[in-house]
């Protein structure tokens with residue numbers, strides 16, 4: 001317009017007027033450029049979540065148009081500042097359907113469904129986006145029936161509306177309704193297919209998810225990378241290894257291999273199929289800078305019990321400046337727990353603190369478990385206290401950790417705090433508390449708790465694990481008849497673990513007859529239970545019935561049943577050192593250390609407890625067999641290779657025997673160091689000649 005006017009003035013040589021028009025044109029152009037610059041600046045601030053800076057620039061705009069108001073409202077709701085968004089919405093001089101939709105969607109995102117309904121009712125004109133936002137809001141509020149009503153009231157439905165309804169059904173486990181609706185959809189896009197495939201897999205119908213993917217390919221739907229992440233996960237869950245390989249080939253063909261979540265899904269797929277080497281090959285295809293890919297490989301190593309490799313991946317992430325996320329810490333700390341390596345765990349804890357994740361429930365829970373499993377329950381409690389929003393998993397983790405370490409009183413104090421804060425306990429909470437009663441000999445407290453859990457305010461149906469704990473409590477306290485009667489009265493069918501708890505108590509209290517009955521019940525459930533054979537053999541050996549021991553060993557050999565070999569390990573400077581019972585010392589220094597300790601212990605009056613050597617041989621042979629139990633080898637190695645005065649932490653795969661328990665108590669006094677031993681039952685903290693279990697384990 002301005003250029004035409006200037007041309008006309010030049011044509012008639014009206015130079016002065018053309019100068020005026022040029023000035024007006026320049027000022028108008030300057031205002032437009034300034035407005036555009038401010039709009040770009042506002043968008044940049046909103047993108048970086050600098051909402052207050054965006055508002056400052058917004059306030060400098062003379063007459064913001066509707067779209068700029070809408071952008072600010074969206075920015076507020078994405079930052080969970082709903083009140084500010086509503087105030088700005090009220091200030092708008094003019095509103096269009098987009099601004100109404102943005103405000104309604106913001107209320108839904110912020111969880112204020114009442115305000116969303118109020119705005120929806122006040123809308124002068126509704127679009128399909130308005131209806132879809134309300135359907136999503138109903139699903140977010142758990143109002144499935146209301147979502148259905150709104151969906152069927154919609155005057156016009158687009159593909160996004162259908163997709164929202166299908167996704168909502170799948171979210172609430174209404175898979176058949178979702179499938180029915182999916183088939184009725186007039187026009188399915190790739191999002192529709194992806195939603196249905198992922199939903200089927202997440203609802204444990206992975207086979208159907210794979211069939212649907214095949215249909216999608218037959219329909220020649222132009223795919224994005226998103227469906228492939230779901231399909232690969234479904235292949236792992238189905239399991240469908242060969243189809244997974246075919247999908248891998250298709251991913252390469254379509255050029256999706258190097259996309260972050262596709263690579264991560266492939267790594268996870270091969271790891272779940274126990275092909276961790278193939279996971280590594282996928283990872284090594286290129287240099288990855290995405291945390292999801294690194295985390296997938298770390299988790300894969302952890303899943304396949306290659307914990308040292310998992311920790312090596314964590315180190316690699318830090319070297320390559322890849323910042324770990326919550327999932328990374330969960331998998332990495334799980335590997336620390338499995339190895340019992342406190343040094344690695346503390347290093348990860350330090351990284352979590354630097355990233356501000358120590359108080360995050362997901363990371364905090366993993367830290368609590370790691371410290372508990374690594375023998376440091378005090379630090380576990382410290383971490384638990386710092387968790388900002390404690391979930392039921394947080395409470396259960398610390399209660400179970402206290403139980404493992406024989407801190408029964410602590411467990412019940414924490415349970416009391418949990419009840420006072422109106423946190424509802426679940427079945428795992430009661431399993432942890434009953435376990436604490438078992439380890440600490442709290443017979444009456446265990447009885448009351450067992451009764452309370454099924455009849456108190458927080459009613460919990462007793463599960464098999466609760467009965468197992470209660471049988472263990474009674475058995476350890478010598479109430480074998482009562483334990484047997486409890487099994488007979490169980491409302492659920494007793495499994496092998498319940499009978500093993502009774503059989504273990506029979507071994508502890510040398511009750512041969514009841515032990516034979518418990519073993520017979522186990523053999524009816526599992527004729528090849530090596531644990532039952534070993535416990536029954538121990539009962540016979542303690543009673544001096546060597547002929548019965550021989551018969552059992554012949555039967556085990558005939559049926560191909562192998563006794564689990566005893567092993568213990570220590571982790572020093574990030575490396576696991578494992579020892580097996582009966583090993584000759586790995587080096588002369590271990591042999592010398594063991595002999596030195598044997599002489600010192602004999603000076604203190606130590607005499608071997610031959611009942612722990614369950615073989616019909618001479619006493620000298622029994623002493624040698626006992627002296628080279630795996631935990632003693634591991635302790636000697638730890639004493640040699642750690643700093644004088646520091647604690648030695650040893651992990652063992654079998655329950656510690658009575659003689660080893662006595663020996664380790666004495667060693668802790670001789671060397672003046674704390675020795676922490678974790679067996680499958682609990683933790684033992686040996687210090688100054690005593691054990692934290694009080695000789696009750």
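Sequential numbering from 1, following the chain as shown.
A Cβ is built for glycine as well, from the same backbone N, Cα and C atoms used for every other residue.
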Region 'Type E(+) motif' according to Swiss-Prot, located in which of 458-486, 574-602: 574-602
Same-chain residues at least 6 beyond the ends of the repeat 'PPR 14' (463-497) whose Cβ lies under 8 Å from its Cβ atoms: 427, 430-431, 434-435, 437-438, 441-443, 446-447, 450, 453, 504-506, 508-509, 511, 514, 517, 521-522, 525-526, 529, 532, 696
Chain residues in Cβ proximity to the repeat 'PPR 10' (325-359) (below 8 Å; excluding those fewer than six residues from its ends, i.e. six or more beyond): 291, 294-295, 298-299, 301-302, 305, 307-308, 310-311, 314, 317-318, 366-367, 369-371, 373-376, 383, 386-388, 569, 571, 573-574, 576, 649, 651, 678
Averaged pLDDT score, the repeat 'PPR 3' (96-130): 91
